[in-house]
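Feature annotations, courtesy of TrEMBL:
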type: ACT_SITE; residues: Cys359; note: active site, nucleophile
type: ACT_SITE; residues: Cys362; note: active site
type: BINDING; residues: Arg153, Thr155, Trp166, Ser217, His220, Arg252; note: FAD binding site
type: DISULFID; residues: Cys57-Cys62; note: disulfide bond
type: DISULFID; residues: Cys359-Cys362; note: disulfide bond
Amino acid sequence: QLTGVLDDCLCDIESIDDFNTFKIFPKIQKLQERDYFRYYKVNLKRPCPFWADDGHCSIKDCHVEPCPESKIPVGIKAGSSNKYSKAANNSKELEDCEQANKLGAVNSTLSNQSKEAFIDWARYDDSQDHFCELDDERSPDAQYVDLLLNPERYTGYKGPSAWRVWNSIYEENCFKPRSVYRPLNPLAPSRGGLGSVCHFSWAGLCLEKRVFYKLISGLHASINLHLCANYLLEETWGKPRWGPNVKEFTRRFDPAETKGEGPRRLKNLYFLYLIELRALSKVAPYFERAVVDLYTGNGHEDAESKALLLDIFRDTKSFHMHFDEKSMFAGDKKGAKSLKEEFRLHFKNISRIMDCVGCDKCRLWGKLQTQGLGTALKILFSEKEIQSLPENSPSKGFQLTRQEIVALVNAFGR
């Protein structure tokens, strides 16, 4: 049972539990079931950039079933992914005025000003803002996946391949405290080969680096929790039974099993929740504009989805103990800028490591949750751009693609 205040913020666990259980969770669950948020486009065939692929796992529960083209709502598959409004989805690429005129012919409600804005928008490249290595959605290998039909759960994927992914994330990319325990190494001779370190020290790590480590640890804890909560308990003929596995949960999080590390991992999960909650409250003005329409082609459903999303934003703003990201990167301008860039590149590298996960279902959810967290970071470091958004046209200063929106909501939902 976790209790008390979290490090690096003025928030206690009990307040987060109450707020999430009674306000956020029921609504975010409903939102994830809506068409706009359930279809995610992903390339599961991108090669691992860091080591020779050791082959995809053959466990049948690792398989991801792509969505047939006929099932994708017309508004989602029409046009480029970063156009979330009805007007934009009536055209694929807007390279010049001629195409903008064609767009006007398709949708006569679009003003000239909007056409020009959409042309600018199509040319806009905000790769400098991305904390993630994004999949090329135009690749023939990129496919839509129905997240509701491919739930995150324990697939049987484990051992050296899974361990190498997490070890690579921690060792090569993470600013970490001196005495953190490595994830369980399946190659070590003893069963509990976690090392024996007597103390835990943040000495020499500034707030930003502590935050970075906690986010990665929180993401790891989150994924482990999902696997424990939705575990293959028994496989009878054609009818597998999934459910919570307390023994597995204990092995990964009990203080006695983890040399005291487990509760800290769980606290980092709460910290991750706070960061993504803060990002949702900050990005609200972006979605509150009339120009933003969560477009699937079904007007009634789209209006309901937006109303529910705005309702969740109102709740996030009502939370009184948000993490204060202003304390980050607040030193001298030059140092803060280089640290922020280091932060971004570290995180981008982690998103690339997700292409090394050998199980397709684990890769899907790893990529989605990493992109969701990357989107949250992008939002937190774009406050000025979000505050100066124009009301009636897309902005060149800050954009979210549909993929980023879907990843952010589903990662927070997890």
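Note that Cβ sites are derived from N, Cα and C of the backbone, with glycine treated the same way.
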Worksheet entry | Spatial separation of Cys362 (active site) from Trp166 (FAD binding site) - C-alpha basis, Å | 12
Response to the item:
Smallest Cα-Cα separation from Cys359 (active site, nucleophile) among the recorded positions Cys62, Arg153, Arg252 is shown by Cys62
Worksheet item: How many Å lie between the Cα of His220 (FAD binding site) and the Cα of Cys362 (active site)?
Response: 12
Item to complete: Determine the minimum-neighbour residue: among Thr155, Ser217, listed as binding-site residues, which Cβ has the fewest other Cβ atoms within 10 angstroms?
Response: Thr155
Item to complete: Over all pairs in Arg153, Thr155, Trp166, Ser217, His220, Arg252, the listed FAD binding residues, work out the largest Cα-Cα distance in Å.
Response: 21
Discussion item. If you count CB neighbours within 10 Å, which one among the recorded positions Cys62, Cys359 has the smallest count?
Written reply: Cys62
Practice prompt. Determine, to the nearest whole angstrom, how far the Cα atom of Cys362 (active site) is from the Cα atom of Thr155 (FAD binding site).
Written response: 8
Response to the item:
Spacing of the two Cα atoms, Arg153 (FAD binding site) and Cys62 (disulfide bond), in whole angstrom, works out to 9
Fill in: Position of peak Cβ density within 10 Å, selected from the recorded positions Arg153, Trp166, His220, Arg252, Cys362
Cys362
Worksheet item: Rounded to the nearest angstrom, how far is the Cα of Cys62 (disulfide bond) from the Cα of Arg252 (FAD binding site)?
Response: 21
Worksheet item: At the Cα level, what's the spacing in Å between Ser217 (FAD binding site) and Cys62 (disulfide bond), rounded?
Response: 23
Worksheet item: Taking the Cα atoms as reference points, how far is Thr155 (FAD binding site) from Cys62 (disulfide bond) in Å?
Response: 6
